[in-house]
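S.K.: Below: one structure in structure tokens.
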Amino acid sequence: MITISTLPQHLPALDGIRAVAALGIVVTHVSFQTGTGWALAERFDYFVAVFFALSAFVLWRRPVNQHYYRNRTARIAPAYLVCVIAVILLFPEARTMDIWQILTNLTLTQLYIPDGLAPGLTHLWSLCVEVAFYLALPVIAWAMRRLSRRGRLAAIISAAVLSFAWPWLPFVAAFDGEGINFQIWPPSYILWFAIGMLAAECEGRVKISSRIRPVAWLLAAAIMWVASREWFGPQGLVHPEPAEFNRRILAGGLFAACIVVPYALGGPSKILESTTWQFLGKISYSIFLWHVAILGLMFPLTGISLFSGHFTLVFILTVAFTIAVSYASYELIEEPARLYFRGRKRQATAAAAKPATKTESPA
């Protein structure tokens, strides 16, 4: 793991990338629910790979400390729980959820039971995968603690390559639309996390010119276009065969590399570090959490039927309402929780550093 003290603590351009990724995911969901039939918009789901690579890069570039799990919990849990509870209580279709769906959605384990993905919360499967990575990261770091940089690179690449065997396992490939879909379990997405980890290993050693960024974006767009073709793999919600799924994972990994690596290993970005993109990056987690539920409310609000078009109107309204709710979520939930846990951490650190008071025994 990278431990170079001279690395910058924060890379603002990556916050801008996080904002782009959040809006990209909104595009793919609005496109599907308005029935546009735009195959290219379906592949905006590759921005999930960007989220995975970003998380892996940010977490792998710094050593895991004793407050790691508490920090991750403070970052993820408060806003997540408020969103899930609000959807369960207020979203009409969510009222059909059974007790197991409710419990698993509250604990980010909905991916691991049949029919665990609930209305208004279906997109949170990817957060289940990301949380699995968070849980595993300290174990991975411990297992690699004695490896050289070359050894770590080899281990990360090997894990990514081996992950392509997962969809071929009999119990994974046997999925027929009923039961647990093992194909979308965490092992399938190791490559997407590996992109970020490999970039972190190269930070401070490899520098990428900012001039390559326009080319990288064009290449990312080309990857999305190729992956959106019918011959590349099934479109919509059709379950892919193992080879088709692996092609999708490989394309998503290449897409994430094009978007993340030039900024992770490059200099500042005037555009992504602008006030607008920094603001959206700050609230991007809440944008991701809330947008599907808010999208679902746009149809009765406007009188538009599902799958009947009107992409532009639905997209604008969804983004506008989502940004408003996400800003409130950030200011009222995310930021107070972060400050609370940071205060607790400082208190614990101060208590640990305080010298013990010597007590004399009575004569």
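From the backbone N, Cα and C atoms, a Cβ is placed for every residue, glycine too.
Keep in mind that this is a model prediction, so the values were computed, not measured.
Dumping what TrEMBL says about this protein:
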- 12-32: transmembrane segment (TRANSMEM)
- 12-328: domain 'Acyltransferase 3' (DOMAIN)
- 44-61: transmembrane segment (TRANSMEM)
- 73-91: transmembrane segment (TRANSMEM)
- 124-144: transmembrane segment (TRANSMEM)
- 153-174: transmembrane segment (TRANSMEM)
- 180-200: transmembrane segment (TRANSMEM)
- 212-228: transmembrane segment (TRANSMEM)
- 248-266: transmembrane segment (TRANSMEM)
- 287-307: transmembrane segment (TRANSMEM)
- 313-333: transmembrane segment (TRANSMEM)
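How about a rundown of where these features are and what they're close to?
M.R.: With a cut-off of 8 Å between Cβ atoms, the residues of this chain six or more beyond the transmembrane segment (12-32) that come close are 38, 41-48, 50-51, 54, 57-58, 123, 236, 259-260, 263-264, 266, 268-269, 271-274, 277-278, 280-282, 284-285, 287-288, 291-292, 295, 311, 314-315, 318-319, 322.
Mean predicted confidence for the domain 'Acyltransferase 3' (12-328): the pLDDT average there is 95.
Here the transmembrane segment (44-61) has long-range neighbours at 1-2, 7, 14, 17-18, 20-22, 24-25, 27-28, 31, 126, 129-130, 133-134, 137, 189, 192-197, 199-201, 203, 223-224, 227, 251-253, 255-257, 259-260, 264, 288, meaning same-chain residues at least 6 beyond its ends whose C-beta is under 8 angstroms from one of its own.
Residues 97, 102, 105-106, 108, 118-121, 124, 127, 131, 134, 285-286, 289-290, 293, 296, 329-330, 333-334, 337-338, 340-342 of the same chain, all 6+ positions outside the transmembrane segment (73-91), place their C-beta atoms under 8 angstroms from a C-beta of that stretch.
Using a Cβ-Cβ cut-off under 8 Å and counting only residues 6 or more beyond its ends in the same chain, the transmembrane segment (124-144) has close neighbours at 1, 48, 51-52, 55-56, 59-60, 63-64, 68-69, 72, 76, 80, 84, 105, 108-112, 117, 151-152, 155, 184-186, 189, 193, 288-289.
Within its own chain, the transmembrane segment (212-228) has Cβ neighbours under 8 Å at 39-40, 42-44, 46, 235, 247-248, 251-252, 254-255, 258-259, 261-263, 266, 269, counting only residues six or more beyond its boundaries.
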S.K.: Does the transmembrane segment (287-307) make contact with the transmembrane segment (313-333) through 3 or more Cβ pairs under 8 Å, each pair 6 or more apart in sequence?
M.R.: yes
S.K.: Same chain only, please: residues at least 6 beyond the ends of the transmembrane segment (313-333) with a C-beta under 8 Å from a C-beta of the stretch. Say none if there are none.
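M.R.: Distant contacts of the transmembrane segment (313-333): 23, 26-27, 30, 33-34, 78-79, 82-83, 280, 282-287, 289-291, 294-295, 297-299, 301-302, 304.
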